[in-house]
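Features of the protein shown, as given by TrEMBL:
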- 1-27: region 'Disordered' (REGION)
- 309-402: domain 'Transglutaminase-like' (DOMAIN)
- C317: active site (ACT_SITE)
- H376: active site (ACT_SITE)
- D399: active site (ACT_SITE)
- N439, D441, E488, E493: Ca(2+) binding site (BINDING)
Amino acid sequence: MSTNEKKKPPLNGRRALPSNNSNDEENEVPEMEAFGMIPRGFNPKDYLHVVDVHMFKEPHEINKQQHHTDKYYSPKLIVRRGQPFQIQIDFNRPYKPETDQFWLEYLIGRYPQQNKGTYIPILVGDVLKPGEWGAKVTHKENNSIRLSIMSSATCIVGKFRLYVAVWTPFGILRTHRNSATDTYILFNPWCQQDAVYLDDEKEREEYVLNDVGIVFHGNINEIKVRSWSYGQFEEDILDACLFLMDKAELELSGRGNPIKICRVASAVINSRDDNGVIAGSWDNTYSYGVAPSAWTGSVDILLEYYSSKQPVRYGQCWVFAGVFNTFLRCLGIPARLVTNYSSAHDNNANLQLDFFLDDEGQVDTKITKDSVWNYHCWNEAWMTRPDLPVGFGGWQVVDGTPQETSDGMYRCGPASVQAIKHGHVCFQFDAPFVYAEVNSDIVYSRRQKNGTQVIEKIDTTHIGQLIVTKEVGGDGMMEITEEYKFPEGSAEERLALETAVMYGVKKQTTQDTTYQPQMDVDMDFQVQKAVLGSDFKVTITFRNKSRNYYTATTYLSGNIVFYTGVPKNEFKKHSFSAKLEPSSCKTSSTFDVLIKSSEYLSDLLDQAAFHFFVTARITETGKILAMQKATVLEIPTLRIKVAQGEMVAGREMSVTVEFTNPLKQTLENVTLRLEGPGVLRTMKKEFGQIPVNSTLIWEVKCTPKRPGLRKLIASLNCDALRHVYGELNVQIQKP
């Protein structure tokens, strides 16, 4: 009886298998899985069997080079999901596809199940589909074959065990357990289908591959700088980071989702309530431990925790943030460390810091629970948020410093930075708390002798005066305050605050607990359909159903977003005052805002997608109307033509690709690609320039190999224009 059998956890009545939440535990996999009685004289050696498996796992070899994992100090194969990698299998004789059948099995955890993504059988096929599990033979020589394996762009991130299984008439023969073939699969910011895809190479080099960083501390009037070693590639750090997910008991099936990983990691980075990595201490006595300011990086902390399994003493905010950053970058999630100067710690998330004064006008420390930190460090992690409306992906705040409980544990995030900026704090997780950290008003109030409270002063500019992170590719400071908030004191900023109060408030002071929206005015807006490169307009319509004259101060914010809904930047800001006549005079009032192509073209992203926020405040009542919509421009397409006449397998044919430049600028360094499985291998052509309105024509000769219905696919790419495609179905005749 193996040790594994003895320790079998008791089953409960709710599930057939115990929870599978340890990457470290394994199950026994039979090397011979018989179909029934095995006849005498059966010799496995008579059948195809595996002599050796080569993983090409050296840093200078193809896999680690192509997957940007050559820096990891690990002898094992480390690849990123959604991107093909190579292995070689040596058999005892040449492989014959007609009669031999073998497949690969990737397993993770102790209770592998196919529907949970913890048991992955991969049959060998003819084509690899992008972002889906598959394998194909790319090379055969003597007794060896070379395989290209594609992993799913959503698969579990962790350490998988690899087996090669061979079918025989009497049973399945498997390779024995060999830890040398273990494969680590990480997030892939280079892969468009991955939830953490980041489109800028310099940003990927900074936020994923840079293993040192800068922590900004001190205070708003005296900014101090220190370096921090993240060390995400050092020996055993990857295993230590995977252990953190085991420690947090995150189901293996949830480990492909960066939202879940960030959520559990923000709890396990601190030791409150779960014996996590770092014990915090803010009282200046650090006996039996290391003072927070003494650490120089994350490696020592993570390795000590990995070996002792006990919280490491001690940390403060930048230590939690430094270790969290290592964890995120190590797994392949783009991450950066952020400092907020004058950070509010709002104990009851009512979006205001309540400072209670006594009769003398002094702060009454007994009843004042909120606080302002000189600075506070947290992290931002980059990912899509399919759980939120479009426009709220991108940078998400995650914070491992134990400040307040969230769903019963000390953790914070992921909270969308874009949602915080616009006051949409209704979206999970913990947006009201972060919103308060950067935006709260400080309210000073005094309780009078008769028990009534008098508000003495409201300070609207003190909190979140400066939010910074390290610049990309250098050690300087980059200010990102604008990502979190509108300019201090601007009307948009007040509007975002009122939106936040409308949505995110758990407790509110007694005088305005009732929320009374403006019922007698409707607002809507429409975005004109437009082709990329042309001007278009946004039309905002108000219907004043009352008998009153109203004035609406209206703001439009236009953001360029990735196709996944992640915003890149704000390209249009427009505000105006709208006079709304009563319904008796006029049914509705419309206002046009012109969007010029020159405003958006320089920053336009891949899929030419926009996201608009429109907010309006009725001056007479102070009430707010808010609305948001996403819209996409039409992108011109490539035209593919084939010469008239029959297209026959084995005979040369001619394909033409045409494209007309629709932009008001010359396109430079344009790359065209054309491919068609079974018709032609991928061909590439570079064009130096395509002037405005001119048409490019590219003619290609090819000889289709296989008859049947085939598809030709072309794409055009240059800095000013991406995601330009064309396709054509062609029927190839038999010769």
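Glycine is no exception: its Cβ is also placed from the backbone N, Cα and C atoms.
Feature map: annotations from TrEMBL on the structure.
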| residue | record | Cβ within 10 Å |
| --- | --- | --- |
| C317 | active site | 26 |
| H376 | active site | 26 |
| D399 | active site | 32 |
| N439 | Ca(2+) binding site | 26 |
| D441 | Ca(2+) binding site | 17 |
| E488 | Ca(2+) binding site | 14 |
| E493 | Ca(2+) binding site | 18 |
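Close to the recorded Ca(2+) site, the chain also has S440, T460, T461, I463, G464, K485, G489, R494, A496, L497: residues not among N439, D441, E488, E493 whose Cβ is within 8 Å of the site's Cβ mean position.
Take the Cα of C317 (active site) and measure to each of the recorded positions D399, N439, D441, E488, E493: the nearest one is D399.
Cα of N439 (Ca(2+) binding site) to Cα of H376 (active site): a span of 14 Å.
D399 (active site) sits 10 Å from H376 (active site), taking the CA atoms of both as reference points. For the pair formed by E493 (Ca(2+) binding site) and H376 (active site), distance between Cα atoms is given as 21 Å, rounded to the nearest Å. Note on the domain 'Transglutaminase-like' (309-402): DSSP counts are 15 helix, 41 strand, 38 coil. Confidence annotation: the domain 'Transglutaminase-like' (309-402) carries a mean pLDDT of 86 in the model. With respect to their backbone Cα atoms, E488 (Ca(2+) binding site) and H376 (active site) stand 19 Å from each other. Counting in whole angstrom, H376 (active site) lies 17 from D441 (Ca(2+) binding site) by their C-alpha atoms.
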